[in-house]
Amino acid sequence: MKIEVKNEKTSAIIICIIAALCIFSLSKQFKSMLVEEPIYPGKGVSEIKMLSDYFEDIKGTPGDTEVYVLKGEKPGGSILVLGGTHPNEPSGFVSAILLIENAVPEQGTMFVVPRTNNSGFTHDDPQEGSPMRFTIDTPSGERWFRFGSRATNPIHQWPDPDIYVHKSSGQKLSGSETRNINRTYPGRADGSFTEKVSYAITEMIKQENIDITVDLHEASPEYPTINAIVAHEKAMPLASQALINMQIEGINISLEPSPTNLRGLTHRELGDHTDTLALLMETANPSQGRLRGKTDSDLVVNGKDKFYVRAAEHGRLYVPFDEKGHPLSERVARHITGVKEFYTVFGEQNPDKNIDIKGIPNYEDMINHGLGEYLQPR
Amino acid sequence: MEIEFIIFISMIGIFLLFNILLKLPVSLSMVAGAIVGALIGGEGIPLRHLFEGTFVYIDTILIISTAMIFMMVIQESGLLEALTSSIVRKFYKSPIVMLILLMFIIMFPGMITGSSTVAVLSAGAIVAPILIMMGIPNPKTGAIIAIGAIMGMAAPPVNIPAMLIAGGVDMPYIGFEGPLLFLTVPCAIFTVLFLGLKDSKKVDFENIKGKLNYETYNEYGLKLYLPLIVLVVLMIITRAMPTVVPNLGMPLIFLISSAVGIFTGKKFNLKNTLVESMKTTIPVLGKLMGVGMFIQIMTLTGVRGFIVNNALNLNLAMLYIAIIVILPAFGAVSSYGGASVLGVPFLLALLSGNQIVTAATLSFIASLGDLMPPTALAGNYSAQIVNEKYSEVLKFAAIPFFVCLGFALLCLLTSNKLGFLIF
Amino acid sequence: MLYIYLGIVLLIVILILKNMFEEKDIFFQIDAALVLIPLILRLLLIK
């Protein structure tokens, strides 16, 4: 059907004005994602560095981000925790913040990067219907966090190539993976925006001689690698002992070797290109899955979803899923416990590089009291 | 009744009401469906979600717009006509060879770019007049081009749905060439011979030869072909040597080739050509925007999860049926969307088969979705090129479509025996 | 490359606007506006 107007200029102007109003309102909403959620450094934080301290090129760019250094009195080993590699996997991000605000090292050093792909926090993936933010109740009030995208914001790196070729291996992936930081390691000094950020991370590990690197992730419940530790072959002895300890604590978790033919990921490239013991952890996040129902902040935090319950009944999932779901508190508790086990076992295996950190809540406390207790605004 | 089901049928209902009864354009009908879905889902009118959904298609907008500019430029410069004439003159003696050759020409840009729209708008536009000249009726020509473009999109080296499915399960995009060629080449040859051979045999080629126009070529010589040569060369070298040649992307490659076309043939009014090419593109782009909003609201309200769940929670026999029905049907919204939303869970549900063959076949089935109305990018543009209504083109595309689907189902069922295709 | 692509977006925005002001069909004008909104948001590097 056609409806012809008498004066096309007038109607065009009216439609343009409406479009302009839409653009104005949309700009305000999209730009609100640039505002960072507050992080309140705890008494364990001895220094706040920037990632650009390790690679000058990213200084002042949206890829630059804080590196929280928690240094104990006594010298010992060092561990790096990467949160927010994928900003749509909130348990890694919240776990990193919880460590920054609670951990107090007595021996050794903990480095925490809560927003590894800082740019990914500034937008949401189209057609995913994600909430821009989610909130956690704490005794001193509600606290908000951004729920971002799996990839770098296209306004910081665009256009995508048709095929993304991982430079050092020649591996080909779909073009959009060029903005997935966990496909770009070890990064390149003269590479894309995202490759520069991963290069800075690699540089930090080299310059600080970091012993253990743990990259915190989440996966959708229908994905096979879930509730798991993925370890580089060099980190296998450490990971297998930590796994046994976690299982003794009653945490259901598996261990997978880092595949040698899947390139650009932290557990492969950081293990190959640096001396660090590279590990990655996955928890079950229904808010990023394809089977999920209504998508909102509630799903992110409470992790309850009727469609996942049904899919579990049909044997389609790789994690148990009942009406209780997989709340964020449980997912964060798993990550935090994993991190704790890694540095503890590392200390046992390398007594000269012991790491001793106080103040980190244990698994049961986080499950029973929720996260609010440990994320109080100050 | 579940709320997600109510939202789903309301969205579809409003779309059909606006589109079929009120005769409003597809774009506005989809926007209306999306808004009603959001309202019933208790989201109000979420402006941010509505427009966020459209951003999936930003790159597609650029590709379609610049491809259209390129097509208009080569039409105006006389390249299209000259090329048609020379192909017919060289191969008119054997219709079978000529048909198969033309089918591969249609497929080529799709193979390189992974986009059926690019294939239709570049090679499809060149081949269409030849097929018509060979005596194949317009709607059949449209069907050949649409399916050829889809075969090109699914054929290696670049198959974006396969990359999306592989990426979704962290499988490298390696070893797909064999299975994808095995799927696409026989289907392409079958389609072009099934639709074209009978009509083209009846035609007296000696007679046609006399009608061909060689004047433009005689006037400008090889220079006339320069835009096409630049297009093909740039497409190939950016793919073959991604580490040496910077990634230009299809929009820029189309624009560079168009710019070359300004100087290599008949003179034409550039400004009018640019404006005119955008005029034919805007309604299709509008439709894409509607689709983007529709999917975003489906995800937001849980309708997407409802569909995926109902497709997955079936026994094995029903699962296969769901794959060949729902996966291409999702192409009505977007074939890339189908691959990513449904292709990944389907692959995970079929872990017992050969993973690469299964993923390749699923990507092939998802690609066929590009024929599904209302978006039907391949179909719509093919219809536009042959000046036919899309429904006419679709009629002729139906049999090859089902044959392709049947072949794909066979490959899925026997994926474990097809492992030899991976090299 | 970013700026070249923003240039392409600008070209398309101008061509859409030109068409919008010359076309009498109101639905065509609305379609044009639907496409313009995301393109302008990208051009301004907002989304």
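The backbone N, Cα and C atoms fix where each Cβ goes, glycine too.
Over the domain 'TRAP C4-dicarboxylate transport system permease DctM subunit' (B:16-413) the predicted model carries a mean pLDDT of 88. The domain 'TRAP C4-dicarboxylate transport system permease DctM subunit' feature in TrEMBL is assigned to B:16-413.
Residues 28-30, 32-34, 36-37, 40-41, 294, 297-298, 301-303, 306-307, 374 of the same chain lie 6+ residues outside the transmembrane segment (B:6-22) yet bring a C-beta within less than 8 angstroms of a C-beta in it. Taken from TrEMBL, the feature transmembrane segment applies to B:6-22 (among others).
Residues 3, 6-8, 10-19, 22, 287, 289-291, 293-294, 296-298, 300-303, 374 of the same chain lie 6 or more positions beyond the ends of the transmembrane segment (B:29-48) yet place their CB under 8 Å from a CB of it. The annotation transmembrane segment is assigned in TrEMBL to B:29-48 (among others).
Per TrEMBL, transmembrane segment is recorded for B:54-74 (among others).
As annotated by TrEMBL, transmembrane segment applies to B:95-112 (among others).
For B:118-136 (among others), the entry in TrEMBL reads transmembrane segment. Same-chain residues lying 6+ beyond the ends of the transmembrane segment (B:118-136) with a Cβ under 8 Å from its Cβ atoms: 63-64, 67-68, 70-71, 74-75, 80-81, 83-84, 87-88, 95, 98-99, 102, 105-110, 142, 144-146, 148-149, 152-153, 195-196, 199-200, 202-203, 205, 208, 211, 231, 250, 377-378, 381-382, 385-386.
The transmembrane segment annotation in TrEMBL covers B:178-197 (among others).
Non-local neighbours of the transmembrane segment (B:217-238) in the same chain are 70, 73-74, 77-79, 82-83, 85-86, 109, 112-113, 122, 245-248, 250, 253-254, 256-258, 260-261, 264-266; each lies 6+ residues outside the stretch with a CB under 8 Å from one of its CB atoms. The transmembrane segment annotation in TrEMBL covers B:217-238 (among others).
Same-chain residues lying 6+ beyond the ends of the transmembrane segment (B:244-263) with a Cβ under 8 Å from its Cβ atoms: 59, 62-63, 65-67, 69-70, 73-74, 77, 79, 113, 115, 118, 226-228, 230-231, 234-235, 237-238, 270. The transmembrane segment feature in TrEMBL is assigned to B:244-263 (among others).
Sequence annotations record features per position, and here TrEMBL assigns transmembrane segment to B:284-307 (among others).
Residues or ranges marked as transmembrane segment by TrEMBL: B:319-339 (among others).
Non-local neighbours of the transmembrane segment (B:346-366) in the same chain are 154, 159, 161-162, 164-166, 168-169, 171, 175-176, 179-180, 183-184, 311-312, 319, 323-324, 327-328, 330-331, 335-336, 338-339, 404-405, 408, 411-412, 415-416, 418-419, 421-422; each lies 6+ residues outside the stretch with a CB under 8 Å from one of its CB atoms. Here TrEMBL flags B:346-366 (among others) as transmembrane segment.
Long-range contacts of the transmembrane segment (B:393-413) within the same chain: residues 139-140, 142-143, 146-147, 179, 182-183, 186-187, 190-191, 194-195, 320, 323-324, 328, 350, 353, 357-358, 361-362, 364-365, 368, 371, 373, 376, 379, 382-383, 386, each at least 6 residues beyond the stretch ends and with a Cβ under 8 Å from a Cβ of the stretch. The transmembrane segment feature in TrEMBL is assigned to B:393-413 (among others).
Long-range contacts of the transmembrane segment (B:284-307) within its own chain (CB-CB distance under 8 A, at least 6 residues past either end) are made by residues 2-5, 7-8, 11, 15, 25-31, 33-35, 37-38, 40-41, 43, 46, 49-57, 60-61, 64-65, 326, 333-334, 337, 341, 374-375, 377, 380-381. Of the ranges B:95-112, B:178-197, B:319-339, the one with the most Cβ pairs under 8 Å to the transmembrane segment (B:54-74) is B:319-339. Among residues of the same chain six or more beyond the transmembrane segment (B:319-339), those with a C-beta under 8 A of the stretch's C-beta atoms are 56, 116, 160-162, 164-165, 291, 294-295, 307, 311-312, 346, 349-350, 362-363, 365-376, 405, 408-409, 412-413. Beyond its flanks by at least six residues, the transmembrane segment (B:95-112) meets 87, 118-120, 122-124, 126-127, 130-131, 134, 144-145, 148-158, 184, 188-189, 191-193, 196-197, 200-201, 235-236, 239 of its own chain at Cβ-Cβ distances under 8 Å.
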